[in-house]
């Protein structure tokens, strides 16, 4: 799919006068779009365990440089800072990181350091008699704070922490006044590259690209919300051998192609299939096409002009999908990195990493039977060559600290070898060192049809994304019109509202059906399930959000005024449960970023809607003595739900 001819000279980007090559690289496989994801480490290691993600292990990383300001970060991060102070006072001779987790039963949070500390100090003349004694000391040494209402110690030293109701209420009210951005988690990186979508020029985007695009966009949104500078990279396949085939076919069929422009190509998919058929069945044409690649990559003007025209037509097709999905990307395709490949390979060769094997130049990676090929037998470059050059550029020019690649799980081995080659070159640190820069492959499973096989049309063709998204909108509109007609509310809707709501619900349903699953698993595509208003679907969540908005509207109160003059109280048990879950939003986003799992946000959003339903069922809002406080809780829930929708790339609706 992406091959490089050896005669690669200046292409899309000028080569800097000096290139200091000091980074790592390796091979890559064909992709449904690629996104490289490095495990994000936490500013404060709240948990000491590593999380296996199927493709690579995500490990927490120690805090960087300066301490965050008081009150910054998630609740878990703030509690962890208190625990750090206590640990220093309790066992000053032992360096240990805080282990703070949400408590399932006995309190709101729990510190689990005591048993680990006991194993370190036991037999060393310590005054502590058992883990429980250490837990008691940790609880006693916690600094005074408005956050904590009470503590208790259970079993072998588990320190149970109950948060102050007044502090929880104040945190929610502060968010309402100052904005949801004040709840952004603190991540240990400032700049990240997220490489996703990545279709091949002259080929149709299909459901494989859908997953890469949706998952990559959500990761980018989560990192951006967390104040990370995200470089959204679309590494399109725009420099492969297929261009010789396409260009020669264009020249042959339309000698006057420059005069008739895009009309010569027409439907790019039909044009591609016709040229491929000719390439496979005509040896003379095949030879001309192969020579055409060399002439293109050698910079011959006629070939470059035709190449650009084909790329432009293809991009316009991609943009139809990106516009519907509301996804923004900056294209830096394979051609962009082509000028850097020779110097990158020279750097690797100078370090003794490249060897000759059966006429090709390769890097042997320990633990793998096959080597990483960086120059093919015919002297051409390949995925590995380009990936190495792209990684070098991202590390040394763009100064990215975390580089994340989003592609299907079938490319896992390619990325494992690629990352190991980079470490061999000294471009990336050993993962055990928990240092940056880091790289990660974010793998994802297949989209299946109702028959359990790869999702295709009845004619066994791959599903065109534009048609799939248009179908989602059409079905959404039909169901909305039917419901509004049946309940007599159709007169309250304008045509524009119907159109916008159908888009938001339809496109959102497709996205959420994908994102709610653990990305490593396959999932079955079903319009019926994703557009259902029952269960864990985007439609159900849109209804839940619209319902909250309706409650606030019917109160006839100015919520903007209430949040400045009123106050939140959490006296009813269901008020407290809802309030406590609201303030956990930041650590949920932090977890999703750390482990590169968007489904964590989906799960939180669904649980939040369920908790709100229970609160609303048991706590009268409008007309109650607690109306002001409860309206503010409604507003806070709506604000957090909207932020979750934003992170997932879903447009919220305010009435349904």
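Every residue, even glycine, has its Cβ placed from backbone N, Cα and C.
Heads up, TrEMBL stuff is auto-annotated, nobody curated it.
Feature region 'Disordered', per TrEMBL, maps to range 53-72 of the set 33-52, 53-72, 73-92.
With helix defined as DSSP H, G or I and strand as E or B, the domain 'DALR anticodon binding' (541-656) counts 83 helix, 0 strand, 33 coil.
Taken through DSSP, the domain 'Arginyl tRNA synthetase N-terminal' (77-163) splits into 33 helix, 19 strand, 35 coil.
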